[in-house]
Amino acid sequence: MSAAVGIIYVLIAFLSVVALRNAHGPALFRFPFLFSAIWVTFVLLGFLEFFTPENSLFLAYEDTGVIDVALFVVCTSIFGGFLGYLLAGGHTPRPQEPKTSNSVAPWIMRRMHIASCVIAVMSYLAFLALARLGGGLTAYIFHSGAYTITWEGLPVYLVFVVRFGYVAIVIQLWLWSRTKKASHMILALLFSLIPFINIIFIFRRSEVVTVGVYFGYFIVNYTRFQMGRIHAISGLVGMFLVFKVFPLLRDEEGKNLSWNELLDQALAPRIDFDSSEIGAGLFRIYYSMSESAFEYGAIIWNAFIRQFVPGSLVGAELKASLLLPELTYANLSFVDFRFYVSPMGFAQAYQQFWIFAAVMFVFIGFFVARLEQRRFIGPRQEIFMVLMIPILLTAVSADISLIVPRFITFAALIAICIPKESNQTFAPNRSHAPPSLSPQRN
């Protein structure tokens, strides 16, 4: 066994212990469990598969020092995330519920309900418009059209509006958690139709995590349903299978496989790693090393400019001038980017900040701890936390450039949809009876 494989085994063992220690009740939807689980299932198990002597790509990266740098980035990113969480006081024992429990004024809940319905309708209209531009709803959904399209111009803003649906889902779940009215849960499920389409027909793995966190958080925190280690382990196995199987289903060849053939192909040892997430992530590190070129946060700034600076208003040339230079990938012998793969957030962080990539994960851990600590201040804080956790934690394997645009989008929508009412503290209500809706005065 090589030293690289030994390090991966140690990291898996450490994170598994952390995950299992937190694999019960509400702790399942807090940083220690989710951060550990995503690293193990989405990244480290992929490294184990990649680190084999039969893999020529592994041998090439080992000879060039890429493996050593990647392991350094992975180790520092993992411990950086926990360090940020500890620095923010995430380890400090806190009561599961605040000492006082004031309910939300009825007019606020009515406005939240109406606002969520409005933005859900906007989301569906934007989705239908996108599908029409993508060749029609049938082609967009059933023939992986969403993976073969690059949006520019006005359609980018349709994509932006489609994301309003996430806020509508979480608002309805929050209302359900306070009132236990079935109508709010039904609306939350109806508003989740787009994510369900993305999961069932377009096979987006990040949507599985997102929807799972949304519904799981409110069910576990606000009902008597208890989840323990058996549920947690089953969930981890499910996440791993989703990570392995979903990419195979994104083309017609994979869709024609039987379930047995699909599982056999997904779990069989890989021969070609050029189209794998780990291969793509290591290529990013290799390219930055070989060119001695780094982006210094350009990917985050450019994501903001592309999303929130309309070229139709400021002019295409001015918008282009605001963009910072990003690395241009050459078609090298190791790998090329003809495949739809996740960019691997730890590799992106290296591209941005060199050996200080862990700074990004220190920030993520710190930010999540603050969100968790403030979740009972009011509906704005708790809803924002639930919306941001999937974005922040899937940045481990997904795209870190999404963090800032989603932060701004969700914060703005929450400010519009949820009125601010002072002097409120909100505690979980685990009973099945609706809480009193009459405001209490301090």
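Even glycines carry a Cβ here, placed using N, Cα and C.
Fair warning: this is a prediction, and the values are worked out from it, not measured in the lab.
Taken from TrEMBL, the feature transmembrane segment covers 6-24, 31-51, 71-91, 112-134, 154-175, 182-202, 208-225, 232-249, 353-371, 383-416.
Contact between the transmembrane segment (182-202) and the transmembrane segment (112-134) holds: at least three of their C-beta pairs are under 8 Å, each pair 6 or more apart in sequence. The transmembrane segment (154-175) makes contact with the transmembrane segment (383-416), as judged by at least three Cβ pairs under 8 Å among residues 6 or more apart in sequence. Counting Cβ pairs closer than 8 Å and at least 6 residues apart in sequence, the transmembrane segment (232-249) and the transmembrane segment (71-91) reach fewer than three and form no contact. Within the same chain, residues 31, 35, 69, 72-73, 76-90, 288, 294, 296-297, 345-346, 381, 384-385, 388-389, 392-393, 395-396, 400 sit at least 6 positions outside the transmembrane segment (353-371) and bring their C-beta atoms closer than 8 Å to a C-beta of that stretch. By the Cβ criterion (distance under 8 Å, sequence gap of 6 or more), the transmembrane segment (31-51) is not counted as touching the transmembrane segment (112-134), fewer than 3 such pairs being found. Most Cβ pairs under 8 A with the transmembrane segment (383-416) among the ranges 71-91, 112-134, 208-225 are made by 208-225. Outside the transmembrane segment (112-134) by six or more residues, the chain places 140-141, 145-146, 149, 151, 155, 158-159, 161-165, 167-169, 171-172, 174-175, 184, 187, 190-191, 193-194, 379, 413, 416-418 with a CB less than 8 A from a CB of the stretch.
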